[in-house]
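Only one structure is covered here, and it is reproduced in the block below.
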Amino acid sequence: MEQTLVIQKKKRFGFSQGIGITLLIAIVAKYLAELPFLNIMGQLVIAILIGMVWRAAIGVPHDAIAGTNFASKKLLRFGIILLGMRLNLVDIAKAGPKVLVIAAVVITFTLFVVYGLTKVFKVEKKLGILTACGTAICGAAAVVAIAPQVKAKDDETAVGAAIIAILGTIFTLIYTLLYPVLGFSPYGYGVFSGATLHEIAHVIAAAAPGGSTAVDIAVIVKLTRVTMLVPVAILIGVWFGKSEGSKEKRSWRDLPIPWFIFGFLAMSAVHSLGIIPEVVAGYIVVLAYMLIAMAMAGLGLNVEFKTFRKLGSKAFVAGLIGSVCLSVLGYVLVYALGFM
């Protein structure tokens with residue numbers, strides 16, 4: 001009996017230790033994300049990279065794994081639900097139908113192109129789907145939201161999120177350098193940035209040279225893409241379930257429904273209706289990013305650099321080519337739809 005109590009106490013301590021490590025990493029990532037250049041990467045990206053470095057340099061105690069796994073799965077879902085508070089559907093509606101059109105075209109095009117490229121490069125199917133969704137919708141948040149739909153492993157999820165983060169940072173720097181020669185008005189440049197970059201942090205950083213006009217519309221366009229996360233997650237779950245059905249004999253009733261995504265949508269509706277004051281909504285968004293950063297840290301703590309090299313090289317190339325295609329499409333759409 002006494003031995004059982006000791007074991008249980010040890011497990012509880014290990015669980016708390018795992019949660020504590022992810023929280024520490026998330027806090028450090030938040031402050032690092034406020035520094036020059038690192039603010040381009042954002043808190044989520046930095047958290048997953050710190051997690052990978054922590055594992056390589058220090059290691060993770062065996063008893064702490066339960067806590068890091070809890071953060072990477074349970075806290076992740078809660079964080080995504082709260083992240084819905086970032087959306088204001090009224091602002092998106094005011095932006096007009098053209099914004100919805102450009103978001104729908106960009107997402108559809110990118111999903112097919114990037115996933116097609118991952119097949120050409122023989123990337124593992126689940127990682128290919130995650131790379132495509134992260135590029136098309138909202139970066140690392142999309143990767144971790146779609147992962148349960150395709151039953152992705154932690155290392156696949158972490159590698160997918162890291163790939164998207166690195167690509168987004170590269171393209172953010174390129175956009176900033178090219179802004180003077182692209183020929184866009186600040187408004188058009190904001191639409192272009194919001195329609196083609198990966199993370200919200202990337203969008204804000206890239207649009208900054210265009211001033212507040214560019215940043216404001218860039219965020220609205222980006223958040224319009226984020227709203228597509230709900231239908232895309234459901235469609236991916238249905239499609240993946242059917243594609244695997246012949247092997248697993250799964251029925252439509254067995255398909256995973258991402259209930260936390262509906263929570264995300266519900267929170268965005270609450271924000272849009274003005275039920276919660278903007279100040280409170282802002283704090284909720286900060287909490288959401290903190291929880292998702294803890295999840296990213298948990299994922300990073302479960303991945304070794306050799307795993308990233310093994311799984312990520314071909315997926316990175318596919319994502320790179322796909323991102324170039326996305327940028328070209330975005331450039332064409334800005335001109336075609338009159339966002340000058």
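Backbone N, Cα and C define each Cβ position, glycine as well.
Swiss-Prot lists 13-35, 40-59, 99-118, 128-150, 157-179, 189-211, 218-240, 255-277, 279-301, 316-338 with the feature transmembrane segment.
Contact between the transmembrane segment (218-240) and the transmembrane segment (316-338) is absent: fewer than three CB pairs lie under 8 Å, with pairs separated by 6 or more positions in sequence.
Same-chain neighbours of the transmembrane segment (279-301): 18-19, 21-23, 25-27, 29-30, 43-45, 47-55, 60, 68-73, 75-76, 78-83, 85-86, 140-141, 144, 154, 157-158, 161, 267, 271, counting only residues six or more beyond its ends whose CB sits under 8 Å from a CB of the stretch. Between the transmembrane segment (40-59) and the transmembrane segment (157-179), the number of CB pairs under 8 angstroms, six or more residues apart, is three or more, so the stretches are in contact. Under 8 Å from some Cβ of the transmembrane segment (99-118) lie the Cβ atoms of residues 92, 127-129, 131-133, 135-137, 191, 195-196, 220-221, 224-225, 227-228, 232, 314-315, 318-319, 321-322, 325-326, 329-330, 333-334, 337, 339, all in the same chain and six or more residues away from its ends.
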